[in-house]
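Copied over from TrEMBL:
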type     : residues  : note
TRANSMEM : B:12-33   : transmembrane segment
DOMAIN   : B:101-332 : domain 'ABC transmembrane type-1'
TRANSMEM : B:105-125 : transmembrane segment
TRANSMEM : B:137-161 : transmembrane segment
TRANSMEM : B:209-228 : transmembrane segment
TRANSMEM : B:263-284 : transmembrane segment
TRANSMEM : B:308-335 : transmembrane segment
Amino acid sequence: MADPVLSLRDLRIWYGAERGAVRAVDGVSLDLLPGETVGLVGESGCGKSTLGRGVIGLLPAGAGHAGEVNYKGQNILELKPKRLRAMRGPELGMIFQEPMTRLNPLMKISDHFEEVLKIHEPKLSRKEARNRAMEALRGMGIPPTRYKQYPHEFSGGMRQRIMIALALVLRPAVVVADEPTTALDVLVEAQIIRILADLRRNFDTALLLITHNLGIVAEACDRVAVMYAGRVVEQGPAYDITTKPSHPYSRELLRSTISLSTTELHSIPGAPPDLVSPPPACRFHPRCPDAMQICAQQWPTTVATSPGRRSECWLHSKDQIPKGLDAPLEREALAAAEEA
Amino acid sequence: MSRAGSLRGYVLVRIALMIPMVWVLLTVVFLMMRVAPGSPVSATLGGKLPPAEIAEREAALGFDRPLIVQYFDYLWDAVRFQFGTTVTDGQTIGSLIVENGGATLTLTVAALVVALVFGLPLGLIAGRYRETIPDAFIRVFAILGYAAPPFFVGLLAQLLFAKNLDWLPASKMASPITQATAEVHTHILLIDLAIDGNWDGVWDVIQHLILPATTLGLLVMGVFIRLVRVNVGQALGGDYVEAARARGVSERRVVSRHAFRNALVPVVTVMGLQAALLLGGAVLTEQTFSWPGLGTRLLQYLNSRDYIGVQGLITFFALIVVFISLIIDIVNALIDPRVRY
Ligand SMILES: Nc1ncnc2c1ncn2[C@@H]1O[C@H](COP(=O)(O)OP(=O)(O)OP(=O)(O)O)[C@@H](O)[C@H]1O
Ligand code: SF4
Ligand SMILES: [Mg+2]
């Protein structure tokens, strides 16, 4: 197996808030191999965007961090701002959720491309830069005739393709795409997902694709990491997890996405926890249908359930549960635990 | 549609829109001047002349005709830039504009330059370093500049820089020697002196200009500072700036190229309103510094209840503001491509 191009080790990111630190990412370890697409899924507010920004070192001023984001043998979170900035673009790229507001309204598309190419590849002549930009745009299906136009002259889907071209023109090794299709309609979404799925074949770019749509994961990802309350609770090959999830949260999340075979719409009862004071032990126990008493008391260990697949749940190490604590967590206890 | 074509279309529409705007403005000015009882002549000279003579003058000026006729007459005159003849000193408004307009133009342009040269950078600093001590100082400065009336600021400036420190002249546009030697070419003293190569005279006028221009500039500067500050701050926290940072664009470039340029758009947008503020402020500033401009004239006619003088100058001011806002909108369309659609 190739060496990972990016590896997160016990990454923690928190935001300072009046009530205490919001622990948005709370001990995540994850690898990205060259050229692979990894999906990052989870409910709203579980820390996906925070993780994605952490990966390219683009955290807001008030955020704290611990752990490592290793890229080419260095922890990018420890780099000097200037070094980090030089890496953003040519090494680490990002695509955002809302394409409508991500381009400077006063700058032509050409200005956007020429700006990044001039910053990161100053030796490129104007003409070469133009050709590179046009080529990247053509790859995204934007005709070269529109190169000199302003952002407002494009639809949302086209703007997102421009954003992708703008990230790819520098040929970065890692790209984070944070819900790149959430703001777009279904047809455009399918088109963008196809483009991203094609990346796997045509580029060496590793893609971290953040989404809350498991359908997208099945279609476009090699592997998937399921995130809940700041932690990656399960990760493994996309096909395995989307067909046979082993963690109760993955299973519930999968059931709650609309499927063609059933018309019923399932939802996970309750809401993701407050990340200032998340539930003790397994974060999912207040909502987990399989919760046992131990789940509210002791942190589950991470178990490799099959090659390349890991899951953080007591169900996989039942033999290690002390006697009596494998009894189902009762409703009263559940309520009490929530109060604690 | 080609871009140039759409720009031309925008400009044509904008010019067409000027017609109703000007019409409403003229009507408002006309009505304002006529709500007072009696005709302009009797208001000015009533009690000073025998009633028969007043009636005669009214008839000569057409004030004995029905109001509606006078109204259309006024409109027709205004579109031909004929604003009438003052009652008290028998000058045409046109000649007043030629004679005193240059001084007002000099003052307002200088004030605008002061406001932009200091206001834009201060706003940029405050917006870039929000919630810091420099930001707090700049904000207080902006509010004071905007809130303090020009005659008060002007008086303080005269006391400090003219009386106490004796660095600058306290009032008038030039010293008597400059006035006496200046020849008239354009009716703009500064330019006339430059044409004659009278550099001592130019320097003399500039010295006279500094205090009033700063006083008036402070008034407008406050608005610029606050606008730029808010918009730079907003842009720096905005989506496209974050996206630029994610592409490795340096903070310096993010501020100057992305945030500042976008913050200038609203500044240009309010420039039309600023023109009105500038002209209003100029009236008070001219008064304070005995600056021989249209504002001083306006106050003179106001005091002597010369309605034609007041009406003529106000109509002219209003037209200027409308015209400037037209120019501003066109400039805006050139800067911001979204405006054209
Ligand atoms: N700049 C910030 N300052 C303070 N708290 C923040 C900030 N950004 C995010 N948070 C908090 O951190 C937690 C995780 O947010 P994040 O945006 O990473 O979640 P997410 O999984 O991307 O959610 P979504 O699916 O809604 O985009 C949330 O509780 C959020 O309120
Ligand atoms: S550890 Fe317990 S509560 Fe957590 S997911 Fe597994 S079974 Fe559910
Ligand atoms: Mg998010």
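Using N, Cα and C of the backbone, Cβ positions are placed for all residues, glycine too.
What TrEMBL says about a protein is an automatic prediction, not a curated fact.
If one looks beyond the transmembrane segment (B:263-284) by at least 6 residues along the same chain, the residues whose Cβ comes under 8 Å of a Cβ in the stretch are 104, 107-108, 111-112, 120, 123-124, 127, 149-151, 154, 216, 219-220, 223-224, 227-228, 231-232, 235, 293-296, 298-299, 317, 320-321, 324-325, 328-329, 331-332, 335-336. Among the stretches B:12-33, B:105-125, B:209-228, the one making the largest number of Cβ pairs under 8 Å with the transmembrane segment (B:137-161) is B:209-228. Among residues of the same chain six or more beyond the transmembrane segment (B:209-228), those with a C-beta under 8 A of the stretch's C-beta atoms are 106-108, 110-116, 118-120, 122-124, 126-127, 138-139, 141-148, 150, 153-154, 157-158, 161-162, 168-170, 173, 190, 260, 263-264, 266-267, 270, 274, 277-278, 281-282, 285-286, 288-289, 291.
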